[in-house]
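Novice: Straight from TrEMBL, here's the annotation block:
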type	residues	note
ACT_SITE	Ser190	active site
ACT_SITE	Asp344	active site
ACT_SITE	His374	active site
DOMAIN	112-259	domain 'Alpha/beta hydrolase fold-3'
DOMAIN	303-377	domain 'Alpha/beta hydrolase fold-3'
SIGNAL	1-19	signal peptide
Amino acid sequence: ALLPALLLLLLPLAALAAAAVLLGLPSYDIPPGVNQPAKLRLVLTLLLGTAALGRILEKTGLCSQITFGRYVRQGRKLGLDPKLFIQDLQFNEVPVRVYQPKATSDGPRRGILFFHGGGWVFGSLDTYEKVCRYLSRESDSVVVSVQYRLAPEHKYPAAYEDCLNASQHFLQHLQHYGVDPARVTVCGDSAGGNLAAAVSQTLAGRSDLPRLRAQILIYPGLQALDFNLPSYQQNRGVPLLFRERAAFFALLYLNGDALHMQEVLEGSHIPPDMRLKYRKWVSPDNIPEEFKVRGVKPLRPTDFIAEVYETVKRFCEPNLCPLLAEDSVVHQLPESFILTCEYDVLRDDGLLYKKRLEDNGVRVTWYHLEDGFHGIISLYDYCGFSFPSGKRGLDRVVNFLKSL
């Protein structure tokens, strides 16, 4: 009896949410060059509807918008996989899900530490279940998916510390999982790519653990100094990650709130001397010209606001913004795979890191999805319809793993 009553209660709320979505859709930009634009519009409508309904539920006091968003994003539970052993464990008190191929192997397998995306706020073991199963099956690898603590409840460096602690545990117990110590890779998408890069940098100088064989960074977010790079200007309204949301998520991870978001977007949060110091690494000048053809405006420098900097100065820590690591760290990093998407605000973070790695003698395999958008890998098989470009990108990751 409660369920019909609840549905009746939610119907007017859903109608309000639908109206908000329909009114808001025209303000978003879905370029014709994007992979499956009609499907992307459907996904966007679903996400906007979730957000609108979440806001209504929060105002009525039923639950927070973030809690509702997490619930909707969970997806349905998958059944048993005939080709994989899957178990939920804890590594150094961090929840993980381990995927092991059932087929016999001639020797130790590759190991993959996977950190999911979701802006450090969303995402879970279940959300990325399909991706991790695919990686394990197709590359014949042992995959460890890490459930790090989420913001805003758990601020930086909680997520980084969880990923590092789980990685250290796995590297200390590889034999138990039949993994070759010479073939362990860290991998992540979006915020997970940020965490993979940070963990890789931390482990690069460790002599007490097996050295990582590679790092795989899928449209990673690697800096929070400049939200006006060419890709931020060109793709500011392109789903699934908008310019404002990128800053919102970074602030939520850092401080647990999104205060001063406008000042951060404008660049008022970084002192002029520090901006000059990091210009050698974070600058439109380091972006190849072919990525500027869709139009880039030179922006007038904004006035520095010291009190804002005081609240966000940890943005300059490499564990939060790996693009700012010193050369002495970068040159020790393992072979790398970087995937970028043309229609993604984070495209230039990947391009800038690619240049940094190559300048320091690190071998880089780069794959650019010219019709890709942010989040496309996790949508390769979504709610009954697929994004071929996402599948293509995921297969490139698998091919790279097989080459190791």
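Just so it is clear, glycine is given a Cβ too, placed from its N, Cα and C backbone atoms.
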Novice: Across the domain 'Alpha/beta hydrolase fold-3' (303-377), what is the average pLDDT of the model, as a whole number?
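Specialist: Here the predicted model's pLDDT, averaged over the domain 'Alpha/beta hydrolase fold-3' (303-377), is 98.
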Novice: Rounded to a whole angstrom, what is the C-alpha distance between Asp344 (active site) and His374 (active site)?
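Specialist: Cα to Cα, Asp344 (active site) and His374 (active site) are separated by 5 Å.
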Novice: I'd like the number of other C-beta atoms within 10 A of the C-beta of Asp344 (active site), please.
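Specialist: Asp344 (active site): 26 neighbouring Cβ atoms within 10 Å.
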Novice: Which Cβ among the active-site residues (Ser190, His374) has the fewest C-beta neighbours inside 10 Å?
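Specialist: If we count Cβ atoms within 10 Å for the active-site residues Ser190, His374, the smallest count is at His374.
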Novice: Treating G and I as helix alongside H, and B as strand alongside E, what does DSSP give for the domain 'Alpha/beta hydrolase fold-3' (112-259) in helix, strand and coil?
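Specialist: Its residues divide into 62 helix, 26 strand, 60 coil.
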Novice: Between the Cα atoms of His374 (active site) and Ser190 (active site), find the distance and write it as a whole number of Å.
Specialist: 8
